[in-house]
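Student: For reference, the structure I am asking about is given below.
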Amino acid sequence: MGDEDWEAEILKPHVSSYVPVFEKDKYSSGANGDTFNRTSASSDIGESSKKENTSTTGGFGRGKGFGNRGFLNNKFEEGDSSGFWKESNNDCEDNQTRSRGFSKRGGCQDGNDSEASGPFRRGGRGSFRGCRGGFGLGRPNSESDQDQGTQRGGGLFGSRKPAASDSGNGDTYQSRSGSGRGGYKGLNEEVVTGSGKNSWKSETEGGESSDSQGPKVTYIPPPPPEDEDSIFAHYQTGINFDKYDTILVEVSGHDAPPAILTFEEANLCQTLNNNIAKAGYTKLTPVQKYSIPIVLAGRDLMACAQTGSGKTAAFLLPILAHMMRDGITASRFKELQEPECIIVAPTRELINQIYLEARKFSFGTCVRAVVIYGGTQFGHSVRQIVQGCNILCATPGRLMDIIGKEKIGLKQVKYLVLDEADRMLDMGFGPEMKKLISCPGMPSKEQRQTLLFSATFPEEIQRLAGDFLKSSYLFVAVGQVGGACRDVQQTILQVGQYSKREKLVEILRNIGDERTMVFVETKKKADFIATFLCQEKISTTSIHGDREQREREQALGDFRCGKCPVLVATSVAARGLDIENVQHVINFDLPSTIDEYVHRIGRTGRCGNTGRAISFFDTDSDNHLAQPLVKVLSDAQQDVPAWLEEIAFSTYVPPSFSSSTRGGAVFASVDTRKNYQGKHTLNTAGISSSQAPNPVDDESWD
């Protein structure tokens, strides 16, 4: 029909919309232009348009693509970048609903032409859902739809109002149709009119897919090994493990139970004792000596202990002992699973690590641990839970999704554990944690036992913890280690921003193949530095929050096995990760807080092993860390560079900057409750007492 009269199409809604004719079963072709051009002859499109179309990614001129929603009855499953849905069933029938439009909001207009106006300002968007503006054709699903006389999605080309509406001001065609979505409604889609936006809903599994959530996650992590040797593979303790006995421990609160010296004193069941022995645990660490009897006594606990000191076992063992003694309620034969224990951690890698520890200690018992986290298929998480769940290990986002979709009940929760609790209660996850304890069915803090563990507990975090803990909770502070582990040799180098890469390569070449973690501040920089090191012939991988879960797990696997001895990471890997034989940590970028510095360098020097941490200090951006760094180095009996001391004494730090830089403080984190009774300070062997620290001010590191 030659050049189409676009004005007539716009201003005369009774004229039927032009719909290009497609050959059946050929929507899966690669480029939009190719598919369209095969039918352009029958559609009276000129040869010149055809040539122009083939030179771009879309149809009808440069910068635009012809899109196709395809068959919305699960006939098309995968989309490509061109806007077509790849066909998974060759038996698609013509009477299925189809909806097509011109993409890139272009219509016949160049999508990049900012001078366009009037009806050509916006056309349709032809990718999935018919999208905004443009020509769309909705074929009814049944004859009754035609008889009802109502159009199901939109009406005029470019009209924001429903087709059944007669109101308008003459230039409604410049807006969008169907409440902001062009064309007509397609199959399995709800269009809600009356507002400027369209509420679109698709019949997808679990309701995960939405406009804002992006593509549906299909990744299912491989199951962990089931053989006993793999389950009980353990971390070898280092030469300094016995030095833990010299660390001071402060327990504050009323009527704290006495510490234990051996696992036998805990009176655990024989199965647990056997699993402890298989895991290679022969001696209690300081946090375990005090935390295990406190949890066994049913008391709420806030425990602060150095990185790599066995905090996970300190809460898992007594919880499992309670479950073995009191019995469990969850069963795979129950329709709704109601876990007795919920453990929450801030990162996927850490919560998976906790799950593996829970599976290890519960081996051969009736207790079943389950782990769920984001980046994996939602249905997979549900399937794991319905098989039986006594201990639920979860990241905050996936946990709230599971609760919101009523896949678990909370009435039986007896134990709530927040690992890396300072991170869980800050502005990052604090609101979600408050939602958790406010969920219907969740027992109040007086009816459950709440345990908080971390290597650092700033004062403001302790105040927030009051919403989670009973007022009679006990506080355990393990020694002077909230600053840094003494088994880590710390080195601070003064390196400018533009000299860091050269210095990093120099250090890594001297290190050789020893396992090294390099921390940077941003996700983009993590990939950039990893690529740069690979170009320098240094095998490197990276991990950060923007990588898919499959890629994150692959990166960790390559790092653990030594395939890539260098791992460039953001703070997603700074907390809790227990990777054997990490000899070096390099802070390419120093973090914004000293607490994060402590967690980062804690990836090495674990369980009595020695390690080395090197940090690049940029005087243009890191001066705020000078004073707390001097304090951390001094407390860990490390050499403090003279230039760093000079910067520290010349830099003003607000009084509220740090709770751990208290003058003369013995403990890096102390109980902030005022006028409490029963505070006592002991060495970890429990033989003698030492004088409690002097009162300190209210400075804060955070």
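All residue numbers here begin at 1 and follow the chain in the order shown.
Note: Cβ is positioned from N, Cα and C throughout, glycine not excepted.
For reference, Swiss-Prot lists these features for the protein:
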type: COMPBIAS; residues: 29-46; note: compositional bias 'Polar residues'
type: COMPBIAS; residues: 141-150; note: compositional bias 'Polar residues'
type: COMPBIAS; residues: 195-215; note: compositional bias 'Polar residues'
type: MOD_RES; residues: SER195; note: phosphoserine
type: MOD_RES; residues: SER199; note: phosphoserine
type: DOMAIN; residues: 292-475; note: domain 'Helicase ATP-binding'
type: BINDING; residues: ALA305, GLN306, THR307, GLY308, SER309, GLY310, LYS311, THR312; note: ATP binding site
type: COMPBIAS; residues: 681-693; note: compositional bias 'Polar residues'
type: MOD_RES; residues: SER700; note: phosphoserine
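Situate these features within the shown structure.
Tutor: Mean per-residue pLDDT, taken over the domain 'Helicase ATP-binding' (292-475), amounts to 94.
DSSP assigns GLY310 (ATP binding site) to coil in the three-state reduction, placing it in neither a helix nor a strand.
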Student: Using a 10 Å cut-off, grab the number of neighbouring Cβ atoms around the Cβ of THR312 (ATP binding site), all chains included.
Tutor: 23
Student: What count of other C-beta atoms do you get within 10 angstroms of the C-beta of GLN306 (ATP binding site), across all chains shown?
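Tutor: There are 30 of them.
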Student: Compute the mean position of the Cβ atoms of ALA305, GLN306, THR307, GLY308, SER309, GLY310, LYS311, THR312, which form the recorded ATP site, and then list in sequence order the other residues of that chain whose Cβ is within 8 Å of it.
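Tutor: Other same-chain residues near the ATP site: THR285, VAL287, ALA314, ALA455, ARG606.
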Student: Please list, in sequence order, the residues in the chain of GLY308 (ATP binding site) that are at least six apart in sequence and whose C-beta is under 8 Å away from its C-beta.
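Tutor: Set apart from GLY308 (ATP binding site) by at least 6 residues yet with Cβ under 8 Å, we have CYS485, ASP578, GLY602, GLY605, ARG606, CYS607.
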